[in-house]
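**Student:** Copying in the features that Swiss-Prot gives for the protein in this structure:
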type     : residues : note
ACT_SITE : D72      : active site, proton acceptor
ACT_SITE : D141     : active site, for ring-opening step
ACT_SITE : H143     : active site, proton acceptor
ACT_SITE : E148     : active site, for ring-opening step
SITE     : S151     : site 'Part of the allosteric site'
SITE     : R158     : site 'Part of the allosteric site'
SITE     : K160     : site 'Part of the allosteric site'
SITE     : T161     : site 'Part of the allosteric site'
SITE     : Y254     : site 'Part of the allosteric site'
Amino acid sequence: MRLIIQPDYQSVSQWAAHYVAAKIKAANPTPEKPFVLGCPTGSSPLGMYKALIDLNKKGIVSFQNVVTFNMDEYVGLPKEHPESYYSFMWNNFFSHIDIKPENTNILNGNAADLDAECARYEEKIKSYGGIDLFMGGIGPDGHIAFNEPGSSLSSRTRQKTLTTDTIIANSRFFDNDINKVPKTSLTVGVGTVLSAREVMIIVNGHNKARALYHAVEGAITQMWTISALQMHEKGIIVCDDAATAELKVGTYRYFKDIEADHLDPQSLLK
């Protein structure tokens, strides 16, 4: 696992965006062999998306031959709802870049058969040869996508009931009314994420410090699903200083030292 420690959220976002852009450019994708990108929602990736939009508008990276698969979607929330993840992606990312609409994939939380929708999603990922780079964020309890504590580390795309903690956390997007927050979701599984050729997770803020500790120094356990990243041969966590508050001093210094030559985001595109 690589741990890239940046001073603040803006630096985290810039590094992550430049890393994604560099991976897309290096792959030299074509319509026949596109670059397949896994996309998260929430507050963590917003800065990265803004930076990627800027790189796209400057002509540094193109998304014309990129196919995306989103991590999750609420069940029962109309896709036109301002808090649906469909709306989130189009408002904050897709509508600002040169991606083809037909190349974007988001789970349908209003499908007549939710199990069939999840199976279809997994099959479509396979049809593209898997995901090249899965981006993500985590919750304070270490969950990836909507894989709450206790989720199987080999799980695939399925329907999940949200925990009370997640519902309360997400109520900030629903007028702080927990009754407006959907209680279930469709989500890729931990196994789906780990099947990607590379995984990059953004962690920022003091409230994620305990989760980062479990991700880097803790045991691999379903109670902290982010800990499964330790098993991935190409896992990267990009974090800010605030999120490292619970890491051992030795761990912090170790990763700062070995990644010292890779902390400038501009160098990633050279």
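Every residue, even glycine, has its Cβ placed from backbone N, Cα and C.
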**Student:** Using a 10 Å cut-off on Cβ-Cβ distances across all protein chains shown, tell me which of the recorded sites (S151, T161) has the largest neighbour count.
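**Tutor:** Highest number of other Cβ atoms within 10 Å: S151.
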**Student:** Just name the most isolated of the active-site residues D141, E148, going by other Cβ atoms within 10 Å of its Cβ.
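**Tutor:** Ranked by other Cβ atoms within 10 Å, the active-site residues D141, E148 bottom out at D141.
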**Student:** Just to verify: the residue among H143, R158 with the fewest other Cβ atoms within 10 Å, which of the recorded positions is it?
**Tutor:** R158
**Student:** From the Cα of R158 (site 'Part of the allosteric site') across to the Cα of D72 (active site, proton acceptor), what is the distance in angstrom?
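**Tutor:** Computed Cα spacing between D72 (active site, proton acceptor) and R158 (site 'Part of the allosteric site') is 10 Å.
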**Student:** Of all the recorded sites given, K160, Y254, which has the fewest Cβ neighbours within 10 Å once its own Cβ is left out?
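**Tutor:** Y254, out of the recorded sites K160, Y254, has the fewest neighbouring Cβ atoms within 10 Å.
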**Student:** Measuring Cα to Cα, how many Å separate Y254 (site 'Part of the allosteric site') from E148 (active site, for ring-opening step)?
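**Tutor:** With distance taken Cα to Cα, E148 (active site, for ring-opening step) is 30 Å from Y254 (site 'Part of the allosteric site').
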**Student:** Quick one: which of these recorded positions, D141, R158, K160, have their CA within 10 A of S151 (site 'Part of the allosteric site')?
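**Tutor:** Matched recorded positions: K160, sequence order.
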**Student:** For D72 (active site, proton acceptor), what is the tally of other C-beta atoms lying within 10 angstroms of its C-beta?
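**Tutor:** That number is 22.
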**Student:** Please identify, among the active-site residues D141, H143, E148, the one with the smallest Cα-Cα distance to K160 (site 'Part of the allosteric site').
**Tutor:** E148
**Student:** Taking the Cα atoms as reference points, how far is H143 (active site, proton acceptor) from T161 (site 'Part of the allosteric site') in Å?
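**Tutor:** Computed Cα spacing between H143 (active site, proton acceptor) and T161 (site 'Part of the allosteric site') is 13 Å.
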**Student:** Could you give the Cα-Cα distance between T161 (site 'Part of the allosteric site') and E148 (active site, for ring-opening step), in whole Å?
**Tutor:** 9
**Student:** At the level of the C-alpha atoms, what whole-angstrom distance separates E148 (active site, for ring-opening step) and R158 (site 'Part of the allosteric site')?
**Tutor:** 12
